[in-house]
Amino acid sequence: MVNYPHNPICQKVTPLQKQQKHRQVDFANRGMSFEAAINATNAYYLAKGIAVIHKKPTPIQIVKVDYPRRSRAKIVEAYFKQASTTDYSGIYKGHYIDFEAKETRQKTAMPMKNFHAHQIEHMAAVLKQKGICFVLLHFATLKETYYLPAKALIDFYQIDRGNKSMPLDYIRKNGFEVKLGAFPQVPYLDIIEQKFLGGDYN
């Protein structure tokens, strides 16, 4: 359950609180994974009526089912299948949003083995339909998070079909850093609003 501050508009903000608001927050220090931080961010967006974005369920291959009762089935063996698309999708201000989230402890690059061909194909299809598609890349050791447009990911992937790692320099050059916070933890919609809907990114 995510707790949100009550009546944020009515609260008086002091200079110190303003500084704290803009201070980067490391969600890992609070025992939260990158995925959990994104889920909490999406819950915040939903609660505030900002956007409706959800994590897609991981597909499961059912292998064995027992029927202890005629009217009740029990799955006793199943396996997670490889996801065929991306992690998250939804809608923001009438725009379709679709993205993947990846995390690494490496300091200089993001392993491309984390991305699969069918995911790249899915992202290309989303872009063809004018959807907003991207990846959120978190470098845990550096405590840095980046929004990388899907086109930049696809362009790099096509160089070697995902056999190498994507240098951090490439990500910094072609993406945008997401400043982590408290509410929401991973404010990626700020990038979309400023760089895409605002018309800065071409």
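Keep in mind that glycine also has a Cβ here, set from the backbone N, Cα and C atoms.
Of all Cβ atoms in the shown protein chains, 24 besides its own fall within 10 Å of the Cβ of Glu100 (Mg(2+) binding site). Per Swiss-Prot, Mg(2+) binding site is recorded for Thr85, Asp87, Glu100, Gln119.
Taking Cβ-Cβ distances under 8 Å and a sequence gap of 6 or more within the same chain, the neighbours of Lys102 (site 'Transition state stabilizer') are Met110, Asn114, Phe115, Val135, Leu136, Leu137, His138. Taken from Swiss-Prot, the feature site 'Transition state stabilizer' covers Lys102, and the record attributes it to sequence analysis.
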For Gln119 (Mg(2+) binding site), the number of other Cβ atoms found within 10 Å of its own Cβ: 22
